[in-house]
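Pulled from TrEMBL, these are the features on record:
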- 5-246: domain 'Carbohydrate kinase FGGY N-terminal' (DOMAIN)
- THR13, THR14, SER15, THR261, GLY304, GLN308, GLY405: ATP binding site (BINDING)
- THR13, ARG17, THR261, GLY304, GLY405, ASN409: ADP binding site (BINDING)
- THR13, ARG83, GLU84, TYR135, ASP239: sn-glycerol 3-phosphate binding site (BINDING)
- ARG83, GLU84, TYR135, ASP239, GLN240: glycerol binding site (BINDING)
- 256-444: domain 'Carbohydrate kinase FGGY C-terminal' (DOMAIN)
Amino acid sequence: MSEKYIISLDQGTTSSRAILFNHDGLIVSVEQEEFTQHFPKPGWVEHDANEIWNTQKKVLDDLIANNNISPSDVAAIGITNQRETTVVWNKNTGEPIHNAIVWQDRRTSKLCDELRAKGHSDMVSEKTGLVIDAYFSGTKINWLLDNVEGARELAEKGDLLFGTMDTWLVWKLTQGKVHITDVTNASRTMLFNINTLEWDDELLKMLNVPRTMLGEVKESSEVYGETADGISIAGIAGDQQAALFGQMCIDPGMAKNTYGTGCFLVLNTGDEIIHSKNNLLSTIAWKIDGKVTYALEGSVFVAGAVIQWLRDGLQLLQSADKSEEMAASVEDNGGVYFVPALTGLGAPYWDQYARGTIVGITRGTTKEHFVRAALESIAFQVADVVSAMEADTGVKLETLKVDGGAVANNILLQGQADFLGCEVVRPMVLETTALGAAYLAGLAVGYWESLEEIQKQWKEDKTFRPKKDPGIVKEEKRQWKRAVERSRGWIEI
Ligand SMILES: Nc1ncnc2c1ncn2[C@@H]1O[C@H](COP(=O)(O)OP(=O)(O)O)[C@@H](O)[C@H]1O
Ligand SMILES: O=P(O)(O)OC[C@H](O)CO
């Protein structure tokens, strides 16, 4: 293969990035642009899809220009994206009919309550692997069609298209020629049957979404089309699935957790769909060469975001990385427990009416205790998800591979190993999400020959092992559970 590089486009919740990888799976260069977060009402979160496209295009162009490479040096582009975030656009004009509704947005909570009350939960869970929640795309599309003037008529006429961010980017990159998604993103819409691998008529009817709005569902590693300058777009996966692949969790029983804005713990369950009895999600990890791999996922909505809030909201921290030093300066949390249910609680509680709660404050509490409690809250939430997973699979987790912006924090990862009672392993390349998409694209075009070849590229940076007295851990977990109970159902319906 004469081409030297693969490019990953990582369209995240807060920024668009383009990353250049070489054949060793190492990062050559990164470009990143943040974009605007819109909060039009409490609990609502929107992005301007045109701004997302413009930032994504800019970082791609800058990456190529700043590294003095030409498109012909690039074997393929892989796309990975924030999942569930929903954009609807007019296929004739190419213009979105409204801002994209972001995965964190809670505006459709009431509709979800109604769907549950009508008894749809079991059917949705059986078909999609999901719980009924405002998190997923389906109710967001329904909201857009019912609340944007004229939208329903246009949709019925077949003029509107729906996409998650992968779909939107492919459509833009191919100048409106290709309207597709991949199985991983489709599996987060609440419209896709993960058993039959098709959009599902009963779900479409339940949410009143015309089938003409939906793109064709593709595998995660194949050529979907090409950019204006002739680069093949050859890999797509939602960011958490891409991270699972980038961490090379390719065998059943392997798990990774990504600590970003939220935390997403994903366990490879092979060709088996495990229907969780403990409020986790079944989802598609990837489909490659006709073979589907499934996963079990625990999604925690607020993780690194709690540190961001201490920094920007409370101005208690100068920077996110200062949290490590501050937390290390106290022996323990001083009895303070912080439940960061700032946008409700995700797995395993799924309480959209929970809100942030801090308990155990005394005259002796300092800001360092607050910071320590905030970091511990991330690790406690992950431990809750792991307990649910172990209950579902009957297997004790022995190793958790970790990645994401917050894993720079050693106190967090040591706390995680203590609360889980298992090894927590941080890899050398932390950009596992982008790497996963690069691998998917590179495999499709023969840039990498096989999984065996890329498996050798994964390297460990550091392993954290449990150190804390198990008796103390047990007591701290008990206190955490009490704090969670106090945060639940806070918003009155
Ligand atoms: N050293 C640190 N300790 C704790 N949290 C951190 C640290 N560095 C970054 N973070 C948190 O990690 C998040 C950024 O991680 P990133 O993976 O870039 O997130 P995302 O992809 O969700 O935008 C932020 O919420 C930030 O507060
Ligand atoms: O953009 P991130 O990394 O916060 O990930 C968002 C998730 O895909 C939401 O499900």
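Just so you know, glycine gets a Cβ as well, placed from its N, Cα and C.
Predicted automatically and left uncurated, TrEMBL annotations should be read as such.
Annotated features taken from TrEMBL, shown on the structure.
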{"residue": "THR14", "record": "ATP binding site", "CB count, 10 Å": "16"}
{"residue": "SER15", "record": "ATP binding site", "CB count, 10 Å": "15"}
{"residue": "ARG17", "record": "ADP binding site", "CB count, 10 Å": "23"}
{"residue": "ARG83", "record": "sn-glycerol 3-phosphate binding site", "CB count, 10 Å": "26"}
{"residue": "GLU84", "record": "sn-glycerol 3-phosphate binding site", "CB count, 10 Å": "25"}
{"residue": "ASP239", "record": "sn-glycerol 3-phosphate binding site", "CB count, 10 Å": "30"}
{"residue": "GLN240", "record": "glycerol binding site", "CB count, 10 Å": "29"}
{"residue": "GLY304", "record": "ATP binding site", "CB count, 10 Å": "22"}
{"residue": "GLN308", "record": "ATP binding site", "CB count, 10 Å": "17"}
{"residue": "GLY405", "record": "ATP binding site", "CB count, 10 Å": "19"}
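Around the Cβ of THR13 (ATP binding site), a 10 Å sphere holds 21 further Cβ atoms from the protein chains shown.
Around the Cβ of TYR135 (sn-glycerol 3-phosphate binding site), the same chain contributes GLU84, TRP103, GLN104, SER299, PHE301, GLY346, each under 8 angstroms and 6 or more positions distant in sequence. Cβ neighbour count for THR261 (ATP binding site): 23 (other Cβ atoms within 10 Å of its Cβ, all protein chains included). In the three-state DSSP scheme, ASN409 (ADP binding site) is classed as coil. When the record's glycerol-binding residues ARG83, GLU84, TYR135, ASP239, GLN240 are compared pairwise by CA position, the greatest distance found is 15 Å.
The number of other CB atoms found within 10 A of the CB of ASN409 (ADP binding site), across every protein chain shown, is 22. In this structure, TYR135 (sn-glycerol 3-phosphate binding site) belongs to neither helix nor strand by DSSP; it is coil.
In the vicinity of ligand 2, defined as a Cβ distance under 6 Å, the following of the binding-site residues THR13, THR14, ARG83 are placed: THR13, ARG83.
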